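Listed in TrEMBL:
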- A:26-47: transmembrane segment (TRANSMEM)
- A:59-88: transmembrane segment (TRANSMEM)
- A:91-165: domain 'YdbS-like PH' (DOMAIN)
Amino acid sequence: MQYGNIIKQKQYEKIIYLLRRDTVTFVSRIFLLVVLAGVGYGLYFLLKLLFPALFINNISFAILILLGSVYALSIWLFFYTAFVNYFLDIWIVTNDRIIDIRQQGLFARTVAELDLFRVQDVTSECHGLFATIFDFGNVYIQTAGEKERFTFFNVPEPHKIREAIIQLADEDRKFHGSQPT
Amino acid sequence: MSFPLYYFLFPIALFALVYVIFILMDVYHLISFAEVHFMSFFMTFIFLAGVIYISFWAWTLVQPIDWNEPITFFQSISFTPKPESF
């Protein structure tokens, strides 16, 4: 793994969960790509049907080809960038802390972390038909820190993760409680 | 006013430049901030194959076009009366 660039893993630290949004949530992006490609094809057939002269004339044909290729390349890049954003939004749960790494567009990135012993309350929710069927949802982590709430968005098996975080937080509190001050 | 058709290729070249920058940024992010994973490799491969396919498709279609053909926007306006009006 190449997370050493982002998190400085402590010697005793173990990665328990490495979470991303559920794969099902990415399907909506694929659907959007198909719709946008369909719009392009639909427009092509409509123009061919209503204005066939556009495809015979040298100038209009050249302009149409250029516009068509720009459109196709743009939606393809949009899809790939959506994948990169999906792939780089990561939540890492270790036996010591939780790290929230978010890719916000192409040029913005935020990394936040909290110690497990600061966790006060963990809530999980599955909201909606697809979320219930495919078992994905949000996990909200309430802390005593400055950032009041950490949220894992659309992660798989949110209830199981909530239970695991509560257990890990208890263990970490015991560990920090047993540490000499 | 007229200009040759190849003038349309200048904004396309600018688009291609921006496009390449975006691809490089995406790939840089994947390499720097994610683990080596089959999924990221596969998606990058599919994406690049798609880009090559679309570019090749466009290239094949624009090959026979005469890019020196002038595009005329405004025809010259003549104020000379037509001979038949006399």
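Even glycines carry a Cβ here, placed using N, Cα and C.
Those TrEMBL annotations? Automatic predictions, nothing curated.
Long-range Cβ contacts of the transmembrane segment (A:26-47) within its own chain (Cβ-Cβ under 8 Å, at least 6 residues beyond either end) map to 54-55, 64, 68, 71-72, 75-76, 78-79, 82-83, 86. Residue counts for the domain 'YdbS-like PH' (A:91-165) under DSSP (helix as H, G, I; strand as E, B; rest coil) come to 17 helix, 41 strand, 17 coil. For the domain 'YdbS-like PH' (A:91-165), the mean pLDDT of the prediction comes to 87.
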